[in-house]
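Peer 1: From Swiss-Prot, here are the annotated features:
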DOMAIN    1-418  domain 'Ketosynthase family 3 (KS3)'
ACT_SITE  Cys165  active site, for beta-ketoacyl synthase activity
ACT_SITE  His300  active site, for beta-ketoacyl synthase activity
ACT_SITE  His340  active site, for beta-ketoacyl synthase activity
REGION    528-843  region 'Malonyl-CoA:ACP transacylase (MAT) domain'
REGION    888-1160  region 'Dehydratase (DH) domain'
REGION    888-1006  region 'N-terminal hotdog fold'
ACT_SITE  His920  active site, proton acceptor
REGION    1021-1165  region 'C-terminal hotdog fold'
ACT_SITE  Asp1085  active site, proton donor
DOMAIN    1671-1746  domain 'Carrier'
Amino acid sequence: MACRVAGNNNNPEQLWQSLLQKKDASGEIPEMRWEPYLRRDSRNAKILKETTSRGYFLDRLEDFDGQFFGISPKEAEQMDPQQRLSLEVTWEALENAGITARSLSGSDTAVFWGVNSDDYSKLVLEDLPNVEAWMGIGTAYCGVPNRISYHLNLMGPSTAVDAACASSLVAVHHGVQAIILGESKVAIVGGVNALCGPGLTRVLDKAGAVSSEGRCCSFDNDVKGYGRGEGAAAIVLKNLSAAIKDGDHIMAVIKGTAVAQDGKTNGIMAPNAKAQQLVAHNALKVGNIDPLTVGYVEAHATSTPLGDPTEVSAIAAVYGADREPEAPCFIGSIKPNIGHLEAGAGAMGFIKAVMAVQKGVLAPQANLTTLTKKIDWDNVGLKVVQQETKWPATDDVRRAAICSYGYGGTVSHAVIEQFNFPETLDLKPGASATNPTVLLLSGPQEKRLPIQARALRNWLQADGSQQDLQRVAATLAVRRDHHDYRAAIVVESKEDAIQALGHLADGANDAWTSQSRVFGSGINRDVVWVFSGHGAQWADMGKELLQNPIFYQAVQPLDEIVEAEIGLSPIALLRSGEFEASDHVQILTYIMQIGISAVLHSHGVYPQAIIGHSVGEIAASVVAGALTAEEGAVLITRRSVLYRQVMGQGGMILVNKPYAEVAQELAGREDLVVAIDSSPSSCVVAGSTEAVAEKAAEFKERSIKTFTVRTDIAFHSPMLNQLVDPLMQSLEGSLAPTTPTRAKLYSTSLRDPRGSDLRDATYWANNMVNPVHLTSAVQAALDDSYRVFLEVSSHPLVSHSINETIMDAGIEDYCMIPTLARKKPSEKSILHAVGQLHTRGANVDWKSQLSGPWAGGLPNTSWMHKPTWRQIGAGPVSTSQTHDVEKHTLLGQRIGVAGTDTVVYTTRLDNESKPFPGSHPLHGTEIVPAAGLVNTFVKATGATVLNNVVLRVPVAINAPRSVQIVAQREDVKIMSRLIQENEGNNDDSSWVTHTTARWESSSSSPVPAQIDVEATKARIGTRLRDEFSIDYLDKVGVSAMGFPWAVTEHYGNTKEMIARVDAAPSVAADAELPWDASSWAPILDAATSVGSTIFFNEPRLRMPAQIERVDIFTRANPPKVGWLYVQEASDTALASHVSVCDEAGNVVAKFTSMRFSEIEGTPGVSGSMESLVHQMAWPPAVPAEEPLPINKLLLISQDVPLREAYAATISSSTQVTLLANANDLIINRAESLLTKETAIVYIPSQVSSLQDVPKSAETFTWQLLELIKFVVNNALPVKIFVVTSNTGEGETPTALAHAPLVGLSRVIASEHPDQFGGLIDTEVLTFPLTTMRYIQGADIIRIRDGVARTMRLRSLPRHRLIQQQDQQQQQPQLLPRPDGTYLITGGLGALGLEVADFLVTQGARRVILISRRGLPPRRLWSKMEPSSPLAPTITKILDLEARGATIHVLPLDISQLTAADALTTALDTLSLPPVRGVVHAAGVLDNELVLDTTPDAFARVLAPKITGGLVLNEVFPPQSVDFFILFSSCGQLVGFTGQSSYGAGNSFLDALASHRQARGDRGARAFQWTAWRALGMGASTDFINAELASKGITDVTADEAFAAWRHAARYEGIDHAVVLRALPLDADEPLPSPALADIIVRRSASASADSSPSSSPEKQTIPTSGPELKAYLDKAIRGCVAAVLHLPAADEVDSKAALADLGVDSVMTVTLRQKLQQALRVKVPPTLTWSHPTVGHLVGWFAEKVGKE
């Protein structure tokens, strides 16, 4: 159990002491709780003063240890504190129960949690401007149990229970039921309550339920209501038999639970005594319990005048009846101590009852002065516990009942009883109170270890001083979770433990303490045991271990064998400590290693791989299962006897020089040889005594270090050849070797360390005379990914050599651990080694050595709390202080200037307060429309005339501004300055004047004559399309409107126009407008906009610059619908007069001589469309100064003639290997070829027909994927290239089949830039070796005209612009005609329906929607439920038909080859006018990383793109339709992460468009779209938007997308249009994609500086190499991670922790990449944080990249 409630009661034991002392934890609510409500509404202050502010509160509800659970501060602040509390108390409950979270992971464990407070939800979700995605699950009731299940990986039922105040006892009932019914083996139940807001308290005040004192006085005569309380309780339930079997500490047994409802009472909140009795009887019945045997009832007792007496009477009826006066049933309630926890109340009462039955003590009632007189206490058989009372001895078994009721009528009841579980100390053989043991501590972060150590030390000195140390060790090892940062402390006594823990707490390690972080998930933690050879002996070795029964039992049978063979007892030798003879040492080395191995096994440590060194190979073979221990004893004994023949004749020295060099130096000599290859820099030389001494002296003279090996035998030298035959004879029939069965066995006797030779007599003869290849064996283990080595020896002999070998391999994450060392306690040394293995993450079965009883009461995890609370916005600012956006002005707080006629209006302007409902961008920056400024002047002055309105500088909304409108006697002006400039700057120079005017309060001019609308229309004669104005403005770069007006009738020429305008087209004529009806801005915005279109013969992006005069002729509200009459002004070339009329033609307002200015930088007619629509250009590539060192080529192709044709053009100086397919490489590995100088080149085969394209494309893409997977997964140092020929033009079947490789290659290059060299498309069959070497960092390279070229996005070519003499009469080619039929694949998808809407809007009258799923028959449409997923689709189709179109839905899978015939037949059946346009928008998106792709998933994505495109191409051949639009994506152009299959399919569509254009199809066009906002498969989400931003681009709205379509329609002879916008970059920020190089805009250095961790005001110089570079990178990267996670400082980030464990989710990953890229100026691949999951890994990667650059 666990709990956390008011009064600093943070666990059940603290709570119990508080109960015994009758403490009342009530107090005032912390000030911060209600503070947001004081800011939210000025009326709240008075109300809050009247609201009960006292209760039972946690001192620091906001505190949470999110880092422990891997929850970032950003996510944590969006979580209800109830979720945070519940997570922590659940962890504490599991620790209290001795059940590890890891043991429950993946299990059917259930979680039921009482919760019914939504205070935090209201607090954060009502702060609408700051609502975020995580707040949904973060504030939901279900989020409490679901969060527990998620973080513990529990897969059983997980349910929130809301039964008001009965919730948590109902949760207990559900947990019991889940176990009884077999749904779950373990249930975690509980409840929580957090009081974050005043709302419900206010409700309860009104209902009279809450005491004004905010405290509970259960059973008291003066009860006035209850005090609300907060906190959480968690209880772990398990089947009794399972708990006994598992050795759990059973605190109590639940005998019965029941839940019911009290039916229709006097009121829904009124209690019902009968229902309370009934539920109690039901619980007793379940447990077959006599109520007279229940000694105590924990009552609900909320302290209400009605509730308490009702409940007591019900309890009396059940438990008090038939009681003897001297044996009453005791009752009490916990609420006066900790308050009424509402949803958590039942669980807290349950915990109190468990403590009572467990301890046999009844806690006294707090806050009880006089018992209520509404109960006849003398005759009810009940007694309130008023003093601490021992449980009556008359009870055989202590039983208690718990009541809990909800104000909605839920009644619940539980009956529990004590359980006595006899524990016995059953230590394993050989263990005793004085034997050493190991204490294990851990934490998710390193800084937790000292805190945990301090807590355990303090406990051992106090509450745990009487606990058995072995039990404490068992608890920590077996009953607690082991996190990534670990400490293992070997101790012999409690005093020893206290001292060692103190050292760790103070940051100093004890000699027997090991501390480390476990190796990351990408590092193999399996252990290689290394059995070293001769030379580890020391006096007294083994003496201590002989006292260990495990050691003794392992060596005693071997002792008998040796003694029978040679009359010598190894055990006796070990006890004597006298064994210098070489033959004795060999035998004892073997004996020790076998004994140590047995002790290690007893501690739960086993090898996964084994290396034997020299004589150590014998024990290694035994432990691996290749020999028996007895065979090993015979072998070592007989060989040692033979050694006596050569004793005293030889010697050995260790030489500090590589094996190969010394071997070359000694070549040809028999008296002196290299015997052991120890490490890359050392070896051992053996030979005759004289030769060794002579060579040692020579080495000394040459300053080469040598060390003498303690032996008089020249092991592993020709001197032992004479012993080979005798050895073979002596072993004949004595060995029966087998293949190793227990672990992988590496050989040091064979040239191939992985050799599988049987360990027979021949092997051991070779082992005796051949050199020892230790370096090779260790290197093989490293190559097989082993990183943990344990030397099994009496003293570390080869550890240094192995360390050298590992460091020479450049491996950083490894460990080399010895077992014993000279003159150190053996038992402690072995435990120390086991502890070191544990701290590195190696598997240790602690149950094998610490399986006995365990200790309860150990300190729980020490939380590292940090305040985590959402900062709530200030709420709505008074309209007296800021402008009202619905009035469309900038008039905020009005301030009169004393003594003058000046009035100043001040306000703040930002994106949240823009005074217009739409969007009004100018070159990407949102500005206030001119109409809004004029409206502001009119409303500020009350003027009817404005003269000389000068619009000087647009009012931009790209950053928050302080705005002032200054109105004087005749003048008015608008000024602003950026708010950040305002800080600390009182200088007027920062104010910008935007607009000025002179004003008159009344007009002397007469109202103009009424406009004769019909006569004007007749005079003009030319009817324009209703969309003329919008289309014209869109064409010149006005992509959106600030107001939603629409033209419904339009006549015009270059001299005059008249247009009927509806200012609010979506609002019915008699309905209320969605803005202030007095606002002139909407209709005036139409006037300024339509007024500019009179210059359509000279299309330019223009904006109003000056208006000579503005007249308002009416005091009435402006018309919703009216006429705009536009005339070309005669006084200037670019000015117009605009009259605003009502529907009758009466002039209500007029702009006289509105002059327009052309916007600087507008590039020709395309305007800002040029920043949206692009072409793919292929300028020459820039070669690198240093070529790639490619000297070997592996050409892989199944097309033999093609492969050989390319090979024939390669210089003979380059080694070329030809392979048929990737499997040849994967199977044969060709390791000698796979070096840094090697390039693997994939050459796809030629394809002869279009029918073969789909299957060939699948084959080619999958073969390339197999190659990249092989190279990446095996960490090969090679680069992969693809070579194609003339793919770019898409003219041939081969080009179409190869095209998917283009998109695939771009994504591969993005995800694996270090392994992928690029795709090179040649124009002739000449191998592009020079291009491969010199064109670096490019994903796709085309060689045309002999020049290597790379793709860049550029504006559409102006010479392709269709020159139109009459834009109203000539229909653009890519838009529909009323007489045609138009077909859309993917037609029922969101994107397809938007396309249909667009085509209908553009004039299409017949549309066919093709979709795999189709729709139900039309006769069923009217019966469709609104909730049906098809309802929106049907509604959309009916809407299109209501607009005059006919829509046909054709169910057809376009991805099937048979679809062509089916489509043709269907079109014939429909018998519609000819199809004039096709839009292929069908597709499937299956995002997977390159390494995770499967053939099936890839084929599923390719089919609708490739087969679907070819089907349409067959049915509608080139030139048979006006337009053939293919919906592609820009994802493959910029290498969108996870879109390898989607990118491949889309690049095929790009090629198909080129293929058709090459056949004269002018209407074939592929659109490479960016993400459509909220639409389609590429719909922009938080993740997509972050990924787009990381690529330097944005999404588009549907309106922008179709504007791009219309823009592209004006160009001919182009086969594609790339639709995206580039984001501006900092001055020195790396280019996200080379494709953007020509369209990107960079900020100036001063403008791009910010204060984020990724760019400080002072640009630091990045070190170029060494420790300084790594230190810099570590700090910078941790700073970026901290910024993403909203951590206060970089120091909060653990460099060794996985980013995912820190709380970095998929969206944050993209943001992190951006920050890293900006901070370190290095392009970051999308998969970097997946392949380099910690800051430490990232430091290594960036160090290499930064060093290169």
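The backbone N, Cα and C atoms fix where each Cβ goes, and this holds for glycine too.
Since this is a predicted model, take the numbers as computed values, not measurements.
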Peer 1: According to DSSP, does His300 (active site, for beta-ketoacyl synthase activity) sit in a helix, a strand, or coil?
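Peer 2: The three-state answer is coil.
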Peer 1: Please list residues from the chain of the residue listed as 'active site, proton donor' whose Cβ is under 8 angstroms from its Cβ, counting only those at least six apart in sequence.
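Peer 2: When sequence neighbours closer than 6 are ignored, the residue listed as 'active site, proton donor' has Phe916, Pro929, Ala930, Ala931, Gly932, Met1041, Gly1042, Phe1043, Trp1045 within Cβ distance under 8 Å.
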Peer 1: Just checking: which of Cys165, His340, His920 have a Cα that is within 10 Å of the Cα of His300 (active site, for beta-ketoacyl synthase activity), counting only these active-site residues?
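Peer 2: Near His300 (active site, for beta-ketoacyl synthase activity), where near means Cα within 10 Å, the active-site residues are Cys165, His340.
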Peer 1: Take the region 'C-terminal hotdog fold' (1021-1165) and average the pLDDT across it for me.
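Peer 2: Across the region 'C-terminal hotdog fold' (1021-1165), the average pLDDT comes out at 87.
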Peer 1: In three-state terms from DSSP, label the residue listed as 'active site, proton acceptor' for me.
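Peer 2: Coil, per DSSP.
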Peer 1: Hey, which of the active-site residues His300, His340, His920 is the loneliest by Cβ count within 10 Å?
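Peer 2: If we count Cβ atoms within 10 Å for the active-site residues His300, His340, His920, the smallest count is at His920.
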Peer 1: Could you state the whole-number distance in Å separating the C-alpha atoms of His340 (active site, for beta-ketoacyl synthase activity) and Cys165 (active site, for beta-ketoacyl synthase activity)?
Peer 2: 8
Peer 1: How many whole Å apart are the CA atoms of the residue listed as 'active site, proton acceptor' and Cys165 (active site, for beta-ketoacyl synthase activity)?
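Peer 2: Approximately 53 Å lies between the Cα of the residue listed as 'active site, proton acceptor' and that of Cys165 (active site, for beta-ketoacyl synthase activity).
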Peer 1: Helix, strand, coil residue numbers for the domain 'Carrier' (1671-1746) per DSSP?
Peer 2: 53 helix, 2 strand, 21 coil
Peer 1: Provide the three-state DSSP residue tally for the region 'N-terminal hotdog fold' (888-1006): helix first, then strand, then coil.
Peer 2: 22 helix, 48 strand, 49 coil
Peer 1: Check each residue in the chain of Cys165 (active site, for beta-ketoacyl synthase activity) that is at least six apart in sequence and keep those whose C-beta is under 8 Å from its C-beta; list them in sequence order.
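Peer 2: Counting only residues 6 or more apart in sequence, the Cβ neighbours of Cys165 (active site, for beta-ketoacyl synthase activity) under 8 Å are His300, Thr302, His340, Glu342, Ala343, Ala345, Gly346, Ser404, Tyr405, Gly406, Tyr407.
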Peer 1: Going by DSSP, is His340 (active site, for beta-ketoacyl synthase activity) sitting in a helix, a strand, or coil?
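Peer 2: In the DSSP reduction, His340 (active site, for beta-ketoacyl synthase activity) maps to strand.
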